[in-house]
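Taking it in order: structure first as structure tokens, then the write-up.
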Amino acid sequence: MESQKQEDNEYIFRSLYPSVPIPDKLTLPEFVLQGVEEYTENVAFVEAVTGKAVTYGDVVRDTKRLAKALTSLGLRKGQVMVVVLPNVAEYGIIALGIMSAGGVFSGANPTALVSEIKKQVEASGARGIITDATNYEKVKSLGLPVIVLGEEKIEGAVNWKDLLEAGDKCGDTDNEEILQTDLCALPFSSGTTGLQKGVMLTHRNLIANLCSTLFGVRSEMIGQIVTLGLIPFFHIYGIVGICCATMKNKGKVVAMSRYDLRIFLNALIAHEVSFAPIVPPIILNLVKNPIVDEFDLSKLKLQSVMTAAAPLAPELLTAFEAKFPNVQVQEAYGLTEHSCITLTHGDPEKGQGIAKRNSVGFILPNLEVKFIDPDTGRSLPKNTSGELCVRSQCVMQGYFMNKEETDKTIDEQGWLHTGDIGYIDDDGDIFIVDRIKELIKYKGFQVAPAELEAILLTHPSVEDVAVVPLPDEEAGEIPAACVVINPKATEKEEDILNFVAANVAHYKKVRAVHFVDSIPKSLSGKIMRRLLRDKILSINKK
């Protein structure tokens, strides 16, 4: 990886691989469904539990029907539809249908509270909602037209089947032309500052991301890949990295609406899943949960798993590889503000070869990356940790109706500031150290929670862990470990403290241990540190 010294002495890093072309004229649905004619009988989505399936023929037909119906109901270019659904077989059709009508897809978490969904609906200026009977109660009072999936007809709502049939009867309308520069998605992200914001993504953004991430897919893989659809489809990785990427490759998505280890393993075996994007807590489950031993793992056709969202502890990776020797583990890195995946392991030059263990991979084609000193903004050379910044055609247009936060995140040169600390080594592999906002400042030293968590997970009695900062009068902040201990373990707080102390520099020592029943995590697998910290502080006050 050659660093490019610019006139202003910036260290800018680019991909080892040549640039890939990005088509100019296509919308995202057109791009994703290119070449679909040969695959109309192939299953595009199947639900792991119910077996309900849709073919590529269904996807093409119903995407058109939905787009026509939404247009006839008054949806216009740039207007938002909020989708409140679990991972169902129709999800891809719904997203593509909204986009084909010129609308903007905004997925919401179906497990969210009514108040949280209301915030997203209001913040996005949504014109309608698509949901199912289970979630209808959450959205019926929001004052918008509601389309409900399923056979059941609900008074006051539009039935999905009826809507599609109405779409059949609609003639072709003179829609305003949809351009690549038009918005097509408005996912909500906490960004680098913690509060939920709408991320404005265009057709061009998402097509550019798919071109970069899929550059290594060989022609013989088209129509062959079976992907597990467990990561929520309302999440950027779910809709782009799973749904759109798999449809582009004419593979099959096995949709799971919730995580259950037995259902998960059954789905992998029964549907011959070859690629499973998952989160680190599931890796932990696969390594440590005795339920796994109930299954004949020799029946697995799984070739690779990809983890993102949180760093994978090196010892956990080793344990997983020992248990699943034929499954390749790829760690990836992405963010909503960059349209999904940004760095990844797959290497077309080496077949399924990957980057170094515990790196998040290499720079994808068409991307530029630099690392800056968070205090001075100065760009840094190889092997020097700094804030990861990325520049490409995948960078969002900004946060919806929030110029102040946009300006904090994207600078005048078009660099997206990720809020993550990392470095690039001599071979072009990138390593993420931690998030700026999660670094613990102990007596002026920066301590990365992820590093301490990785060490603690090597302890045989530790089943899960999270390290959080606690305020301290003398040190500023101290690292405190919230530990899920094996019920049969005899270790006390002091044993855990000594275990870490034997493995780190003095300033990185864990200063307090709290035994907890579980570690709260978001649906995407990220540790909810603030929740843990607040809980400890409230206990300490009593």
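Yeah, the Cβs are placed from backbone N, Cα and C, and that goes for glycine too.
Small disclaimer: the values here were computed from a predicted structure and weren't measured.
Here Swiss-Prot flags Ser189, Ser190, Gly191, Thr192, Thr193, Lys197, Glu331, Ala332, Thr336, Asp420, Arg435, Lys526 as ATP binding site. As annotated by Swiss-Prot, (E)-4-coumaroyl-AMP binding site applies to Tyr237, Ala309, Glu331, Ala332, Thr336, Lys437, Lys441. Summarising the annotation, Swiss-Prot assigns CoA binding site to Arg258, Lys443, Gly444 and lists similarity to another entry as the type of evidence. The region 'SBD1' feature in Swiss-Prot is assigned to 260-331; the stated evidence is similarity to another entry. Annotated region 'SBD2' per Swiss-Prot: 332-399, in sequence order, evidence recorded as similarity to another entry.
Cβ-based crowding with a 10 Å cutoff singles out Arg435 as the top-ranked of the binding-site residues Arg435, Lys443. Secondary structure from DSSP puts Thr336 (ATP binding site) in a helix.
For Lys441 ((E)-4-coumaroyl-AMP binding site), the count of additional Cβ atoms within 10 Å of its Cβ stands at 13 [all protein chains shown]. Lys441 ((E)-4-coumaroyl-AMP binding site) and Thr336 (ATP binding site) have their C-alpha atoms 27 Å apart, to the nearest angstrom. Take the binding-site residues Ser189, Thr336: by the count of other Cβ atoms within 10 Å of each Cβ, the lowest one is Ser189. Within 10 Å of the Cα of Tyr237 ((E)-4-coumaroyl-AMP binding site), not one of the binding-site residues from the list Ser189, Arg258, Glu331 places its own Cα. On the 0 to 100 pLDDT scale, the model's mean across the region 'SBD2' (332-399) is 84. Closest to Ser189 (ATP binding site) by Cα-Cα distance, out of the binding-site residues Arg258, Ala332, Lys443, is Ala332.
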